[in-house]
Amino acid sequence: MSEAQFDLIVIGAGPGGYVAAIRAAQLGLKTAIVEERHLGGICLNWGCIPTKALLAGAELATQFKHAGQFGFQVSQLDFDIQKLVQHSRQVSAQLVQGIDYLLKKNQVTVFSGRAQLTAKEKIEVTDAQGNRQALSAPHIILATGAKARHVPQLPVDGTYVWSYKEALVPEQLPKSLLVVGSGAIGSEFASLYQDLGCQVTLIDLAKQILPTEDVEVAQFVRKQFEQKGMKVLTDAVVQSIQIENEQVHCVVETANDVQTLVFDRVLSAIGVQPNTTGLGLERLGVELNPQGFVAIDDYCKTNVAGLYAIGDVAGAPCLAHKASHEAMICVEKIAGVANVHSLDRSQIPGCIFTHPQVASIGLTENAAKAKNLPIRIGKFSLTANGKALAIGDASGFVKTVVHAETGELLGAHMVGHEVTEHIQGFAIAKYLEATDESLAQVIFPHPTLSEAMHESILASMQRAIHM
């Protein structure tokens, strides 16, 4: 078997992998990328992109329900779930084609198949027909992503108990749905199905939904969910399930009792685990962290010389933009680019596309207090924002955590209409180490939702105008 030689090989073509391959090619490295399934990875095919297409449809349905305040009378709203699903799949396909074009444009060699490390600096790719191809490179990047985590008491069968994949392509809307897990994935699906007319119950083992978010934000989202008719159970766990008469009977233990709840469908959204099986990591002695993710240093190096890992396979936060940024850092370090910075996880914004949306960066109020940092809190409600009132969606707020002595922006937390489009303003401010005084001097355009960001900073200084 002949061996093809490259300067760099990337295993996995998701948001981390394809960005790494393109950047490497830009820097003059002869680059190959190996993908077992679809270019774009989970994000473009079964994650970030198709869910946002579906959520856009759900938001439109919500707008129709509230059209009366703008003088429109919608007497009957017909809805075809298959057309919405088709739209989401078309969007994904279009973006996958775009990645294919970009890889060709940058002269990246693409191999379709499953890659396995065979020795240091060597891999073998097996395609769908069983054909094998040997590849070698002094630098190999693992970008294999992660997959849904499952537990024995909640076996996914694809019919009655769904993973995220089945939830993305339903043949019809279930009348009732239990979503197990209230992280970003679970909460987005819960919001989606509730807004489309399904009776949703959201359950989580933690004491709050959205466990990694600021407590006030999580409490607000829960209240909004419940006002829509969603049932929310926290500090609760599914003990077992049984399929009877085409329904799922779930034994649920809460802090107060044990009860059996019946649903048409159940969605398991309890987290992810890394795609490391079958890669040959054991052969090279690749070190894993206690959670099973590939252990890396600040520049994405593993304990094996010439082997790197980026994105979900290298651990939390499992976010596409974190993977892409790691890709740039890793490849530029390999190529010898000067002054490559390491990844600062405190600079990674997070976005959750529920309705209302959630966006955050940096420390929560409780996290700052746990570090014994002197802080000031600024909070501004969207009910006092002119643009939010004008568009008829003024539920939410902006909250900022500021160092009481230096004025440094430690964290920002937003909930409300399109806040995911505004968090980057705080991300830039945080990266540039802006202080409350400097942010107070920024001129925000009127009328915009972004004015609430300004008012939140002013509120932390006891200088807010519109409250």
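Positions of Cβ are set from backbone N, Cα and C atoms, glycine also.
What TrEMBL lists as domain 'FAD/NAD(P)-binding' is 6-327.
According to DSSP, C48 (disulfide bond) is assigned to a helical segment. Here TrEMBL flags C43-C48 as disulfide bond.
Counting only same-chain residues six or more apart in sequence, the Cβ atoms lying under 8 angstroms from the Cβ of K52 (FAD binding site) belong to F353. Residues or ranges marked as FAD binding site by TrEMBL: K52, D312.
Within its own chain, G271 (NAD(+) binding site) has A148, R149, G181, G183 as residues 6 or more apart in sequence whose C-beta sits under 8 angstroms from its own. As annotated by TrEMBL, NAD(+) binding site applies to G181, S182, G183, A184, I185, G186, S187, E188, G271.
Per TrEMBL, the feature domain 'Pyridine nucleotide-disulphide oxidoreductase dimerisation' maps to 348-456.
Under DSSP, H446 (active site, proton acceptor) is assigned to coil, being neither helix nor strand in the three-state scheme. The active site, proton acceptor annotation in TrEMBL covers H446.
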Handout entry: Cα proximity to S187 (NAD(+) binding site), best match among recorded positions C43, C48, D312, H446
Key = C48
Exercise for the section: Note the Cβ centroid of G181, S182, G183, A184, I185, G186, S187, E188, G271, the recorded NAD(+) site, then list each other residue of that chain whose Cβ lies within 8 Å of it, in sequence. Expected result: V179, F189, A190, L210, A269
Handout entry: Residue among binding-site residues G181, G183 with least C-beta crowding, 10 angstrom cut-off
Key = G183
Fill in the blank from the handout: Cα of C48 (disulfide bond) to Cα of D312 (FAD binding site), in Å and rounded, measures 14
Practice task
Work through the recorded positions one by one (C43, I185, H446) and name whichever has its CA nearest to the CA of D312 (FAD binding site).
Solution key: C43
Exercise for the section: Using DSSP with the three-state reduction, classify G271 (NAD(+) binding site) as helix, strand or coil. Expected result: coil
Exercise for the section: Return the maximum Cα to Cα distance in Å (whole number) over the record's NAD(+)-binding residues: G181, S182, G183, A184, I185, G186, S187, E188, G271. Expected result: 13
